[in-house]
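**Student:** Pasting a structure here, questions to come.
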Amino acid sequence: MAYPMQLGFQDATSPIMEELLHFHDHTLMIVLLISSLVLYIISLMLTTKLTHTSTMDAQEVETIWTILPAIILILIALPSLRILYMMDEINNPSLTVKTMGHQWYWSYEYTDYEDLSFDSYMIPTSELKPGELRLLEVDNRVVLPMEMTIRMLVSSEDVLHSWAVPSLGLKTDAIPGRLNQTTLMSTRPGLYYGQCSEICGSNHSFMPIVLEMVPLKYFEKWSASML
């Protein structure tokens, strides 16, 4: 989860988030090299006497500054497209969970079970126990099995919302009348926090998301106790 004064991303907990972190580092390195080159050219212009100011044609230079940016854009676009296709790919999910956004809470339905659904409200600050996180704790966590492909169906019953869990690399818009889907897979157990990431009204900041990733046998016990 995030902590105060954090500058980087949260620790990756899914293969998709790991890919996003690698892409971020890759793109940042390209931006750093371009920025260094621009600063170097500016420093040369400021510290040396300008020459060839009357040049009307420089075919080689024009060729270079046309081809080089094209190559840089390709180096950025290819890994980006690869990750986009990976995020849209859904193959034989082990579990499907439908989440609906409301003003201002989330409801969840495990569609593989006959009657397993619940609402998830934020716990007010006055009711928090020692060690719990302000504006992030909920009364009903979303319990899911780790190391399994899970499909999330996301929609809304009123206004636009967005279901987002940063450490898993997830952000899916909840649109009334439309069913969006995404996949997630956690590589380790734990609690993973998120929030609504689309301004949806006065209590937009009070729609936390808590995923509890557990081994399969514990998930089976939990699901049996909820039925």
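Here the Cβ of each residue, glycine as well, is placed from N, Cα and C on the backbone.
Sequence annotations record features per position, and here Swiss-Prot assigns Cu cation A1 binding site to His161, Cys196, Cys200, Met207 based on similarity to another entry. Feature annotation from Swiss-Prot assigns Cu cation A2 binding site to Cys196, Glu198, Cys200, His204; the stated evidence is similarity to another entry. Here Swiss-Prot flags Glu198 as Mg(2+) binding site, drawing on similarity to another entry. The annotation phosphotyrosine is assigned in Swiss-Prot to Tyr218. Sequence annotations record features per position, and here Swiss-Prot assigns topological domain 'Mitochondrial intermembrane' to 1-14, 88-227. Per Swiss-Prot, topological domain 'Mitochondrial matrix' is recorded for 46-59. Annotation comment: Swiss-Prot describes 15-45, 60-87 as transmembrane segment, evidence class similarity to another entry.
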**Student:** Could you give me three numbers for the topological domain 'Mitochondrial intermembrane' (88-227), the DSSP helix, strand and coil residue counts?
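**Tutor:** Looking at the topological domain 'Mitochondrial intermembrane' (88-227) with DSSP, the answer is 21 helix, 61 strand, 58 coil.
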**Student:** If I take the Cα of His161 (Cu cation A1 binding site) as reference, which of the recorded positions Glu198, His204, Tyr218 has the closest Cα?
**Tutor:** Glu198
**Student:** Please report the Cα separation of Cys196 (Cu cation A1 binding site) and His204 (Cu cation A2 binding site) in Å, rounded to an integer.
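**Tutor:** Cys196 (Cu cation A1 binding site) to His204 (Cu cation A2 binding site), Cα-Cα distance: 7 Å.
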**Student:** Taking the Cβ of Glu198 (Cu cation A2 binding site) as the centre, count every other Cβ atom within 10 Å, in any protein chain shown.
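**Tutor:** Summing over all protein chains shown, Glu198 (Cu cation A2 binding site) has 18 other Cβ atoms within 10 Å.
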**Student:** Write down the Cα-Cα distance for Met207 (Cu cation A1 binding site) and Glu198 (Cu cation A2 binding site), rounded and given in Å.
**Tutor:** 10
**Student:** Here are the binding-site residues: His161, His204. Which has the lowest count of other Cβ atoms within 10 Å?
**Tutor:** His204
